[in-house]
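Novice: Sharing a structure here in structure tokens format.
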Amino acid sequence: MALKLNPLPFQSQKSLSFGLPPMTTIRSPRVFMASTLRSGSKEVENLKKPFTPPREVHVQVTHSMPPQKIEIFKSLEDWAEQNILIHLKPVEKCWQPQDFLPDPASDGFEEQVKELRERAKELPDDYFVCLVGDMVTEEALPTYQTMLNTLDGVRDETGASLTSWAVWTRAWTAEENRHGDLLNKYLYLSGRVDMRQIEKTIQYLIGSGMDPRTENSPYLGFIYTSFQERATFISHGNTARQAKEHGDLNLAQICGTIASDEKRHETAYTKIVEKLFEIDPDGTVVSFADMMRKKISMPAHLMYDGRDDNLFENFSAVAQRLGVYTAKDYADILEFLVGRWKVENLTGLSGEGRKAQDYVCGLAPRIRKLEERAAGRAKQGPVIPFSWIFDRQVQL
Ligand SMILES: [Fe+2]
Ligand SMILES: [Fe+2]
């Protein structure tokens, strides 16, 4: 295992995931300094930097999977072709963003845009904060394709590799690309949000990358994506439900359609991990526990808009309060995966494997208990401005 230590000193402890115990992070001193400045001067400060350094990264561990295990993934090529690629949809049968948006080539375009904007007026600001956060997350897709291509044994070695794993990753990316496109175009037409601030956030986020701590291991990587696809399925499902409650059926359909893609992707990724449990139960359960101990960070956890140093935490707080994505969802996803992979029934494990099994099987109730206690103590959050909605104030 190659362990590369970031030379920066430990400077802050902060929780990135919904009231869960804090994780130790390393913060760039330059950004740490910037966080002491007021937001106005921070933007001026940022102008002087040629690019923004990574805002927050852990100790970087690489290639932690023993090299001989790469063979497992090579031997699963045919299996993946028959069992995973079937979860992709042919392009000709796929929905496209244009199916849900006013047609700019039609005579009724202006009227359709007017109707879309009338409906958008009924949606509250805090709802838009959640929708923008979801859209920004989707728009950082280059980072997620990069992340998949860090994984040993399954990466696309050429950019057009014909292995099942590479075919999956490219087609998955192509399907996902419609999500950010659709939400971006919808939000642009809605007239409710500051597109320039949102576009800056996307540029900052793609420049910062992500730190999922998957260590080039497809075990860790596919556990991470299983969790994430379900998390996005839940959050897009909740924005769909809430759009419907606010009377916007068109937006409900947009979010619901994206959610159904996420569900299909979840099915594929959980199937890969199910197969790994079958072939290598010990290695897989240890990886599952490792990933959960490190906590599943959200893909957009490094988001920044040039002003708010706690943008991700603030967006997450609004999503939590609105019930778009909550700490309870985190525990529910974990419990779902434990059941989906029948972790409780695993037998013949090593000592380390049994410890990992006990850990993941007991974790969801522990997270729930911690969360209930934290919720009991929590006071009402402050009201803060979000640049995404022209600095209008939203309750955290
Ligand atoms: Fe997506
Ligand atoms: Fe997804």
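Keep in mind that glycine also has a Cβ here, set from the backbone N, Cα and C atoms.
As annotated by TrEMBL, Fe cation 1 binding site applies to Glu138, Glu176, His179, Glu262. Per TrEMBL, Fe cation 2 binding site is recorded for Glu176, Glu229, Glu262, His265.
Help me understand the surroundings of these features in the structure.
Specialist: There are 24 other Cβ atoms within 10 Å of the Cβ belonging to Glu138 (Fe cation 1 binding site). Following the DSSP three-state reduction, the secondary structure of Glu138 (Fe cation 1 binding site) is helix.
Following the DSSP three-state reduction, the secondary structure of Glu229 (Fe cation 2 binding site) is helix.
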Novice: Tell me, in order along the sequence, which binding-site residues from Glu138, Glu176, His179, Glu262 have their CA within 10 Å of Glu229 (Fe cation 2 binding site).
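Specialist: Close binding-site residues: Glu262.
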Novice: Can you check which residues sit near His265 (Fe cation 2 binding site), meaning Cβ under 8 Å from its Cβ, same chain, 6 or more apart in sequence, and list them in order?
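Specialist: In sequence order, His87, Trp172, Glu175, Glu176, Thr225, Glu229 meet the Cβ cut-off.
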Novice: Scan Glu138, His179, Glu229 for binding-site residues whose C-beta lands under 6 Å from an atom of ligand 1 and note them, or write none.
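Specialist: Cβ < 6 Å from ligand 1, in sequence order: Glu138, His179.
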Novice: Could you check which of the binding-site residues Glu138, His179, Glu229, Glu262, His265 have their CB within less than 6 A of ligand 2?
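Specialist: List returned for ligand 2: Glu229, Glu262, His265.
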